[in-house]
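Asks: The structure under discussion is supplied below as structure tokens; questions concerning it will follow.
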Amino acid sequence: MDDIPTGRSVDIELGGQEVITVDLDNLDPNPTDVLDLLKEGNCKIWVWTKLAGEYWRRGYLDAAERIATIAVESFQNNGLSASLPPIYSLLANIQLAYARKAPKLIMPDAQQDVLSEKSKEEYYREAAQYLNTGERVSAESGEGVSGSLAFLTRGIQQLATRSMDDAMRSFEGVLSEKPTNIVALLGKARILYARRNYKESLKIFQDVLKYNPNCTPDPRVGIGLCLWALDQKAKAKAAWQRSLEVNPGEWSAQLLLGLESINLSKTSHLSEAEKAQSFVAGTKMIEKAFKVNNRNASAANALCELFLRKGSHSRALKLAERTIQFADTLTVLTEGYLRAGRVSHVSNMLDQGRKFYTIAVEGQPKNIVGAIGLAQMQMLLDELPAAIHTLDTLIQSPNPQRSVEATVMLASLRAFPRPSVSSQDMAQEKVRARELFDRVTKGLEIDSVSESGKQRKLTLGIADDVEMHIEIARLWQEDNLDRMGKALKEAMKVNQTSGEANPQLVNNVGVLHHLEGNFKEARSMYEGALISATTLPTDSAEGLSTTVLYNLARVYEDEGEETLAKDAYEKLLSRHPEYIDAKIRLAQMYITMNRVQDAHDILKQALSSQSQQLNLRAYYTYFLIHTGSSKNAKEFVYSTLKDVERHDIYALCASGWLMYHQARENRDVTQKGVDERKKNFIRSAELYEKALSLDSSCAFAAQGLAIATAEDTLGTMNGALSRTPGPDEAQKRLQNAREALDIFLKVRESMSDGSVYFNIGHCYYARDEFDRAIESYETASTRFYNGQNVSVLLCLCRSWYSKALKDQSYPAMKSALKYAQAALHIHPNDKAIVYNIAMIQQKSAELLFSINVNKRSLKDLQSAIDSATHAQKVFASLAADKSQVVPYDRDIAGHRRKYGESMLRKADEHIANQARHEDEMHARVEAARKRRLEEKERNEAVERQRAEEARAQAEQLAEERRVAREQALEWTREVKMDSDDEKERRPKKQKKQKTDAPSGDEGEPKKKRRGKLKKASSDVDEDQAMFSEEEDAEKPAKKRPSKKRVVRDDDEEETAGHPRKKHFKSKEMLSDTDEEMS
């Protein structure tokens, strides 16, 4: 408000002649006495509003509201309600004044800035009610709604509630009557600024300053804002500085100058000392502004950033909540939520941080900081698909944002292998990640040098991210070694630019290559890291050298350099005799070399010194199981659970597997044997369940329970443990497979192992979903077993075989045979596989015999019959096998041979039918081909005839043109000769013309001759137009001789004197050429 002048008072008349003067400069904060005087004196409405306004000016807003409220009661009791509209306008303005300091929203879950007061919306609602009441009272009194006060109050209320169009109309209504109304001008300027019409807004703010230089709120602040928006930042700063000089206690100019100083400290052209000075000055000004108005969201937002950098998280959170609750614009509100999310992130309150970031992104979906923060929260909460979606939404259309950080994050997430993603989808994800990284690297190349020639800090920071380059290398390692090498070289280059050797980085990159199977590169890097490690301090060098040497031994082992690997492990053990991992790997090498006893001795030696080492005990359990000592393994793992660690997850899972294996291999069909099997199955399930209770993410235990569910080991084992299987066993089997499949799919998300996909394939096969089973088996075989796992190959064979029988598909049967032969190639002595191959070959012939001739070919039929004939020999050999134990039934093999003999008796008939069918089809095709060929020949003959006719016409036309051209040339020569003759005869004509004047009759033939010549020349032109451009080029340049005028001697003489008259030649002077051309 305006400054309050001194020496003012109001006289209140009480009854008769008593007058009491109220000094407006010394008002009592408690308005009780003043109210008594006002009621006793039955003062007019302007006295009430005058005193209430004075209390408001002094800052006693509650007292002003009390006076206005009692005025309403007093005038209503006295029946003078018609005088109340000014009071209602005053009450509405008081509510708007309250609203300016009230929160926009109140956070119900605020932790630091807890508020319990009315919001702006409630005050706005009450202000609207007062305005409506005032308008209603005015209408009832017959005066209507009029006056600047009502329009201004309504305009201010509409502006506060963001009803810009209505507010503009209200202010325009006031300005139409009084163009210099300060309040209306300020309101209109604010609306224009909000609409981004900065030039018009600036003009109005300047007009306000001209009309009232001491106006508050200071129009200089608005002038500065408009100038800043118009990119006149120096003038804007000067306006704010002048505002601060005029009004030192106002907070708005201080806040804006403080923000300007902080922004200035971020520019690159200042020195570090100047940047620090500017930052400190800006911070102090913002603190002063916040002390004056601690409910300003912008000041709270700026201070929140300061305290967040200082690590004062509680104060930063309070200021962020203050920003959220008092923000009037979406931008400031979003900033408040972002800073609250950052504070929560730093304080490890992940759920709360995700909530804040989510609200910020919902308000501004393309906010880069909000999207990155939300993605970070989702990553920390293990919600990787959600994080990918968040970043993808940010950089994709519509309105894609160019953010290098977000692009790098998204590429890294897409490149990260997720167990729930299939191999095909993962390949697509890698392609997308490569595209994103390519976009980043291209952007870094473009932005590497700024206009001033210096690298940008942001670009430099991302370009120096070693992990990013390593990740790019990992993406290209399987497809493009050059791109991979380029990325690794870039990572090493970044490392070398630091000026210090980093053998840890080299070792880690080597490990990356090692895990991906690039043993040569890994070996080179390990050796380089081992040499570089010698330059480190002794304490660090010893530990790193030990790690690198172990990794080098591992890569020797993987490369097949058994001697080098053995020497490396022994050297490592000579320096660190108790290096358990080295002993375990050395034992594994002995096992590979079939030196099982040596491996056993090393493991025993290790156990004697470190019997409590759980990794060692786990490997020893594995060793006993894979060397066929299941009984010893069972005793050892029970010892681990009993004496060492009863909650060891590996021991529990190994024990569960041993119990399950023992129960499954039990062939005792007596009741006692069945009961024993059930007991072991139950015990196995209990052990797996206990492992899961200790570690809910133990995928091995979950997979064990899923297998038990699929095989119904806790029930009747799909009827195997029941002597009288029920009629619903098939339905129960499908249900068990579905339940087990759900578990396997969840296990796949946490464990990327071939056994998971193998078991998923089993479940799909049990549900007769052969295509999905094949897909799962293929994933297991190609991704994890390199096509060398016989069990997986046989399951693929079984799935293709079942699919072939179901779909009556010979190609599927061929696929089954292919996988069976691949398994036999790995295990050539496995008679079960030989039996399966013979069975598939026989079934192939049977399948082709049963299908229609249209769905088979003679080649496939002959091949199937040959394979079936070979199968007969195999079945005969298998049936005659005298081995004690064979993995098949000899009687069934003999029956299959006999069945094959009877089936192959019809082979010749099928071949004949197929050959006849294919001959007929071939004949039909050949006849159709001949018809097409004949039609083609006829068409070609017609085309040739047309071409010949066109050629003949072209020759005829060319001949006609040639004749016409020769004739035209002849005419041209004749005309030229006539012209020469005329020149020779011209002197005689001139002499005759001087003595004898020509008569009019003699001119007629001349005209006729000229016309004939002109006509002849036009005919020549028409003939010449028929020729091509090349022919025209061969002709003389003079095309129309008839149009050229020959200047005679008499023409020249007459032209010198006076205009030449027309002369006509007598008819007897015409040449023979004229008669020929007529």
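Using N, Cα and C of the backbone, Cβ positions are placed for all residues, glycine too.
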Asks: Can you say which of 660-689, 930-959 is given as region 'Disordered' in TrEMBL?
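Replies: So the range that TrEMBL calls region 'Disordered' is 930-959.
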Asks: Average the per-residue pLDDT over the repeat 'TPR' (546-579) and send me the rounded value.
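Replies: The predicted confidence over the repeat 'TPR' (546-579), as a mean pLDDT, is 88.
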Asks: May I ask for the residues of the chain that lie six or more residues beyond the repeat 'TPR' (546-579) and have a Cβ under 8 Å from a Cβ within it?
Replies: 503, 507, 510-511, 514, 519-520, 522-523, 526-527, 529-530, 533, 585-586, 589, 592-593, 609-610
Asks: Using Cβ atoms and a strict cutoff of less than 8 Å, what residues sit near the region 'Disordered' (930-959) while being 6 or more residues removed from its termini?
Replies: none
Asks: Of the residues in the repeat 'TPR' (546-579), how many are helix, strand and coil by DSSP?
Replies: 28 helix, 0 strand, 6 coil
